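Engineer: TrEMBL lists B:16-45, B:57-78, B:105-128, B:140-159, B:165-184, B:256-276, B:312-335, B:351-374, B:386-404, B:461-483 with the feature transmembrane segment. Per TrEMBL, the feature domain 'DUF112' maps to B:16-435.
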Amino acid sequence: MNRVNTVSVSDFLCVLLFMATGGLILLGSMSLPGPEYDPLGPAGVPQYIAYIMLFLSSLKLISLIRSMKRFSLSQNVEARKRGQYAIAIVFFISFFIYLLLLNIGGFSFSMVTFAFLVLSGFSLMNFNVSKLPLIVAVSVVLSFGLTYIFADILNVVLPD
Amino acid sequence: MELLNAFIAIANPVPLFFITLGVFLGIVVGAIPGLGGAMLIALLLPVTFYMDSLLALMLLVSIYVGSVSGGLITAIMLKMPGTPSAVMTVMDGYPMTLQGRAGRALSLGIMASFFGGVISWLFLALLAPPLADFALKFGPYELFTLVLMALVLIATISGKEVIKGLLVALFGMSVAMVGTDFTSGETRFYFEIDELAAGFQLLPVLLGVFVISQIIDDVVNGEKQVAQYNGLLNEFLPKISDLSKHGVNTIRSSFIGTWIGILPGVGSSIAAIVAYSTARSISKTPETFGTGEEAGIVAAESSNNASVNGALIPLITLGIPGSVIDSILIGALVIHDLQPGPLLFQNSPEIAYGVIAAALVANLLMVVVMFLGVRPIAKIAGIPKGYLYPAIIVCCVIGIYSLSNNLFDVWVMVGFGILGYFFRKGGYPVGPFVLGYILAPLAEKELRTGLMLYDGSLAPLFTRPISLFFIVLTFILVLWPLIYKWKAGAK
């Protein structure tokens, strides 16, 4: 199985993003009215930005394609990296579930925050069970403490 | 007179408390590798929304001063520069620690930071008011070329590849185009998403690219755990004889730092590198640099702290950020309905002079906090990020949600966090993105106003002396490093 290395993949994705953004701006500017108050109008400057961005990202894309090195993807991913990916996956899943629950609504902010803090803290501490009591204690203080400070003292509206 | 009034206003418990708090927090995040002033200032922006404008800006400027200084603690004690600006401090600071002279290295670093800050503050206090007066004479094309200079400079200097800096700056400008056009009132590029009709809000974008992307990066790659320093701190108190021994080096490095700080996008780490290289090339014993040479620490620390006040000069007088943190400070001004630039001195002199006065007081308090708290701060730097990051995320969510009571902005923050992560992975500097995003509306407004004023002609860009000066200066500043590299290669 051949793959480009990870730095190139990120680079490649960024270039595609820049090209897509340039394209979207040109597409969006088609529906904008022409110049009325000034010689450029609302679409003028964005169009220039889009043209330059498309030109530069095309140059970058060509240089990326030309310099793309192919090599076999190692099947022996380091154990440390595997562990780190597991941590990252649990962390990000807990983060997205946290935001989704807030989006759906109907849950106590403190409780959802507490659950997120425990799960994400546990994963970031390498799933070390011996640290769980401290993580739970810190999470209780943070979730209920932050809710108290923001909602009760500062009168900030929190999602619920 | 206004400056004196600003100092009198600061000499009260509440401003002093916020400045001390800012300095302390800044030093702590500056000491923790991976965090930093930009992250903390972005994180605190939503909180300052509820504060008095002057107190908020005093807090943020103090964090800025503290964060640049704090990097030296872990750089000297643990060979881990807390901030990029402390990278040259490691060169001689850590060898001194290995020689059992950590206390002496810290003492020199702290005092050099202090004098660097004070010398550059004199430039800030003396130059800012007349420069702001002068800038009031600028027309739209002068402002446009000034903004263009800042954008081109930061895009070409801040990354390893010029094209990457330019692309990411253009992307930032594109993001700023979403929303209502100021001239026609037309809503642009919102693609029927009602929440985007007002454009991307400043805070979700800033918190996304600075805070969330850093967290994603650290979680994916694993955090670099900071060790604990348990050695002695000998010779920790500064000596009077240091003034004569390191005075010239301090003044020279502070000048370098101030000048580099004024240039948009160059930043404190470059200031430290240039000042360190200069000190080494001038030294009679250049071979001692890198082995625990005191002059190396003095050069690096006085210049990086001097760059802070240097960068505040274009920020306060012209509304042009000299560094990434300055661009966030511009965001803070905007959030508080203050107009960055020369009008700040005219419309809100108490803010302009308050910021200048706070910069000096923060420098003074930095010395006190550093001498009293080096050891505990070094211990705080060792707190595992497993406790910090989830709490930071919750603070971000609360801060962003509270601005508009809308979770859409929270998702925007996450989206820009993911984008920021890929920028970092792909080697695209985030500085030009933020500057592009912040400066694009100003550049567009001035260009279109100029075109309206001069019947659609661009000729005044080259016939008006100030705008021509900025165009020529842009070319010189962009080409100079290339010529320097070419000459170095030819040798």
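Numbering starts at 1 and runs along the chain as it is shown here.
Cβ from N, Cα, C; glycine included.
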Engineer: Under 8 Å, at least 3 Cβ pairs, sequence separation 6 or more: does that hold for the transmembrane segment (B:57-78) versus the transmembrane segment (B:140-159)?
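Structural biologist: Judged by the Cβ rule, the two regions do not touch, with the required three close pairs absent.
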Engineer: Are the transmembrane segment (B:386-404) and the transmembrane segment (B:351-374) close enough that 3 or more Cβ pairs fall under 8 Å, when only pairs 6 or more apart in sequence count?
Structural biologist: no
Engineer: Please report, as numbers and ranges, the same-chain residues at least 6 past the borders of the transmembrane segment (B:461-483) whose CB is under 8 Å from any CB of it.
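Structural biologist: Distant contacts of the transmembrane segment (B:461-483): 138-139, 141-142, 144-146, 148-149, 152-153, 156-157, 263, 450.
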Engineer: When the pLDDT values for the domain 'DUF112' (B:16-435) are averaged, what is the result?
Structural biologist: 85
